[in-house]
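Asker: A single structure is presented below for examination.
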Amino acid sequence: MTQTVTVRVPAKVNVQLAVGGARPDGFHDLANVFLAVGLYDEVTVTPADELRITCAGPDAAEVPLDRTNLAARAAIELGRRHGIDPAVHIHIAKDIPVAGGMAGGSADGAGALVACDALWGTDASRDELLGICADLGSDVPFSLVGGAALGVGRGEQLRALEVGGTFHWVFAMAARGLSTPAVFREFDRMNEGLRVPEPVASQELLDALAKGDAGALARAVSNDLQPAALSLFPELADTLAAGRAAGALAALVSGSGPTTAFLAADAESAGAVAEALRASGTCRSVRTTESPAPGATVL
Ligand SMILES: C[C@@](CO)(OP(=O)(O)O)[C@H](O)COP(=O)(O)OP(=O)(O)OC[C@H]1O[C@@H](n2ccc(N)nc2=O)[C@H](O)[C@@H]1O
Ligand SMILES: Nc1ncnc2c1ncn2[C@@H]1O[C@H](COP(=O)(O)OP(=O)(O)O)[C@@H](O)[C@H]1O
């Protein structure tokens, strides 16, 4: 049996997040266009006397180290299904911001699942892995597959999308996090009494992705949760404005936020936007990266 397995898993940005009305189960139907970006967590699993989690990285102090951690839940569920005691040490090398709208916890769930599958030799099918991911959270299946995908239902039912080129991004990390359920609740509050249309993927946006056309993608991006995120975190408007002023083709909140995402024409322009954001004093830190990125990968 292999003694240690490391899996690398990407963060995501939502280039379209169309949100429908609240469902009876408390979730919202989405047309969620995910794009995996080159910021990664690495999840390493090693046999141990009992299940234990450690985490290192700039945001490590905010990561729960008990059984509520999505990585722990993934190991427990795979073990339960295959009659294996999930006695592993899971170490998360965390580079994805926590509670930032970039699916960092989801990445760790998908990473731990793939890592334990390899460590234990369970050889679970792709469908079984995707099913466990969907039970763990709406974003977790996409962390497994990476690339680009349209997520419908609550975002867990995926269709892979073609991406015809490399997109350059700048991400600005905020001084504090935002809770995903709180942002959806604010969306409901702001839409109370209004008819919320069925969420539909934008054909212009899918075409822009397929062509690798950053200008067209910038014109098509949208995030229905952005007004709710801005309502709970108004200072994000200053970060968005600073990136736009520095030449970003598009500026938007990533998912439920509060990380803000800036699409740039090329690597040079991304560097200039990043510099301007750092100088603006409107965010905690800034990263540049490219997309698409591969899904969970055993190293
Ligand atoms: C908003 C998005 C966009 O990709 O990502 P983040 O910004 O959190 O990264 C996702 O929909 C987040 O997915 P995820 O973080 O996996 O959420 P889940 O654990 O499934 O659900 C957490 C809570 O968010 C709300 N929720 C989530 C998904 C959805 N389609 N409708 C919802 O209303 C519900 O209140 C739910 O209880
Ligand atoms: N492995 C994990 N890494 C980060 N957060 C986790 C993890 N497992 C559970 N969580 C919980 O999930 C919450 C949302 O975290 P995260 O997935 O980073 O943000 P988002 O849902 O905004 O993309 C955190 O505040 C934390 O309480």
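For all residues, glycine too, the Cβ spot is worked out from N, Cα and C.
Bear in mind that TrEMBL entries carry predicted annotations, made automatically and left uncurated.
Quick caveat, the model's predicted, so the values are computed rather than measured.
Annotations for this protein, taken from TrEMBL, read as follows:
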- LYS12: active site (ACT_SITE)
- 69-147: domain 'GHMP kinase N-terminal' (DOMAIN)
- PRO97, VAL98, ALA99, GLY100, GLY101, MET102, ALA103, GLY104, GLY105, SER106, ALA107: ATP binding site (BINDING)
- ASP139: active site (ACT_SITE)
- 206-281: domain 'GHMP kinase C-terminal' (DOMAIN)
Asker: Just the number: how many Å between the Cα atoms of LYS12 (active site) and ALA107 (ATP binding site)?
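Answerer: Distance between the two Cα atoms comes out at 9 Å.
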Asker: I'd like to know which of the recorded positions listed (ALA99, GLY101, GLY105, ASP139) lie near ligand 2, counting only a CB under 6 Å away.
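Answerer: By the Cβ criterion, which requires under 6 Å to ligand 2, the hits are ALA99, GLY101, GLY105.
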Asker: If we count other C-beta atoms within 10 Å, could you say which of the binding-site residues ALA103, ALA107 has the fewest?
Answerer: ALA103
Asker: In three-state terms from DSSP, label ALA107 (ATP binding site) for me.
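Answerer: For ALA107 (ATP binding site) - judged by DSSP and reduced to three states - the answer is helix.
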Asker: How big is the Cα-to-Cα gap, in Å, between ASP139 (active site) and GLY105 (ATP binding site)?
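Answerer: With the alpha carbons as reference points, the distance is 9 Å.
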Asker: Out of PRO97, GLY101, GLY105, which has the highest number of nearby Cβ atoms, where nearby means within 10 Å of its Cβ, if these are the binding-site residues?
Answerer: GLY101
Asker: Around the C-beta of ASP139 (active site), how many further C-beta atoms are within 10 angstroms, looking at every protein chain?
Answerer: 29
Asker: Which is it, of LYS12, ALA99: the one of these recorded positions whose Cβ has the most other Cβ atoms within 10 Å?
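Answerer: Neighbour-count leader: LYS12.
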Asker: With a radius of 8 angstroms around the mean position of the C-beta atoms of PRO97, VAL98, ALA99, GLY100, GLY101, MET102, ALA103, GLY104, GLY105, SER106, ALA107, what other residues of the same chain does the ATP site pick up?
Answerer: ALA11, ILE96
